[in-house]
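Lifted from TrEMBL, the feature list:
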COMPBIAS  389-398  compositional bias 'Acidic residues'
COMPBIAS  445-454  compositional bias 'Basic and acidic residues'
COMPBIAS  455-469  compositional bias 'Polar residues'
COMPBIAS  502-531  compositional bias 'Basic and acidic residues'
COMPBIAS  538-547  compositional bias 'Gly residues'
REGION    389-412  region 'Disordered'
REGION    438-547  region 'Disordered'
REPEAT    26-60  repeat 'WD'
REPEAT    67-104  repeat 'WD'
Amino acid sequence: MNASIIDPLQGDFPEVIEEYLEHGCMKCIAFNRRGTLLAAGCNDGSCVIWDFETRGIAKILHDDECSSPITSICWSKYGHRILVSAADKSLILWDVMSGKKITRIVLQQTPLQARLHPGSSTPSLCLACPLSCAPMIVDLNTGDTTLLKVSVSETCNGPTPPSRNKCSDGITSFTPTAACFNKYGTLVYVGNSKGEILVIDYKNGDVHAVVPISGGSVIKNIVFSRNGQYLLTNSNDRIIRIYENLLPLKDEVRALDDLSGNHNDLNNIENLKAVGSKCLTLFREFQDSITKVHWKAPCFSGDGEWVVGGSASKGEHKIYIWDRAGHLVKILEGPKEALIDLAWHPVHPIVVSVSLNGLVYIWAKDYTENWSAFAPDFKELEENEEYVEREDEFDLIPETEKVKGPDVDEDEEVDIVTVEKDATFSDSDMSQEELCYLPSTPSRDVPEQQEKCVESSSKLLDSNNTGSPLSEEAGPNGHMMNHASSPLEDDAGRMKRKRKPSEKVLELQAEKVKKPSKSSKSEKPKSKSLADQDNGNGFHGGGLYDE
């Protein structure tokens, strides 16, 4: 598609299903940073990596120790590592290029989500959100875990109210809690069951700020935009909220300390909420006021201009797209299969969704060419019209106009060495080699002729072994009569087939048999010809003479 003739007034969001991917039963998906590779976690514990440009499978990662469904999948910043969490309470870190397992850690609870630290090319830390315990920081090298606080009551001077439920390891039980790193991984944002967003320094476990959500509903999802300027939350009250990040993208911890000021009592809830009001401010709210549906896997587009959320209703595959101003611009309706996960392409207007049946659907834009949008003097014709050109319209040097000389300085040197940074990846470290593609390993195809020979020989063997009428034909002397198309064995014991004679050859042989013998001298040639007939027709010569 020629991008220069696409109408710029069309919305830059997907509209139709372009293609679907099928491999086993896929449960969750994630793009790498450039959007060239798509990783999908399967129901059998394997992880398949698709080349998103060719839509072919580039690599399959599988661990014999893990056969449980994958619950989440995450790429490292430069695409060299993949972290998957499984239903068997395990975290597995893979090396993408070699396809080898780096480490496997088993937790006390099933991790519903796991995210690698975004600030390192070879991360050794990850953030895991277990099923019924507080979020934790996991050291992938040693296996050590550090629980994060999920309630400001834990930071108060008063005693913490007892909980009714306990985990197997004695840790206080919680409802599933959502958490995520900020852009550079200096802070962790935790959404708890009380409808609060906690800003935590994971290195020392201190809660620096608290942002309460109106209504106090349980926060199910929390995710940052790609540029780190906006934070998205999905709550049980069926509302998607967008918060604007007021902190600087770098040195956020120092900015929080400055906001705290000279407050000695950092455990005071009111002070934490006051700091939180200077960290995040409510920007937009999205909901379906008519159907009041719950949302599944909401996220931002690659440039942060669009917000997308899937309907959590059973039996429908609907994707809602809003602009950042809060207007609903598109509802994508797919097959009658429930939606369980979705992701927006980092660069292009493409959405990838996963159905309950394990298929991955690729939603793309339905492009329409509009030449007049780029050429004001271009006129689109409904039908052919007769055009009369001017006398000098196609002259090489028109007399009515003077050709102006080019204003380009031909002596100016053109820089072809310096690489301009892409605005989408402005924070990338150019010195770090990024893994964008995987080398393909071609598989050898079996020739069609060889397949046909193998099939035919196997069928003939079966027919001989099952006692077919051809195999039972024998002469009265006990000599076996072999059919022309039956397999024969050579000296090496290999199976071979004798060619069936043509109709013309059979007619000539029949004429020779019918001719009477004229003299006794011709007896030997005739017998020789009969032997030739036998060899051609597949009969043994000995069976034609009486003993």
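In case you wondered, yes, glycine gets a Cβ from its N, Cα and C as well.
Counting residues per DSSP class in helix, strand and coil order gives 0 helix, 22 strand, 16 coil for the repeat 'WD' (67-104). Long-range contacts of the repeat 'WD' (67-104) within the same chain, counting only residues at least 6 positions beyond its ends with a Cβ under 8 Å from a Cβ of the stretch, are 27-34, 37, 39-47, 49, 59-61, 110-116, 118-123, 126, 128, 138, 140-141, 432-436, 438. Helix, strand and coil counts from DSSP across the repeat 'WD' (26-60) read 0 helix, 22 strand, 13 coil. For the repeat 'WD' (67-104), the predicted model reports an average pLDDT of 96. Taking H, G and I as helix, E and B as strand and the rest as coil, DSSP gives the compositional bias 'Acidic residues' (389-398) the counts 0 helix, 0 strand, 10 coil.
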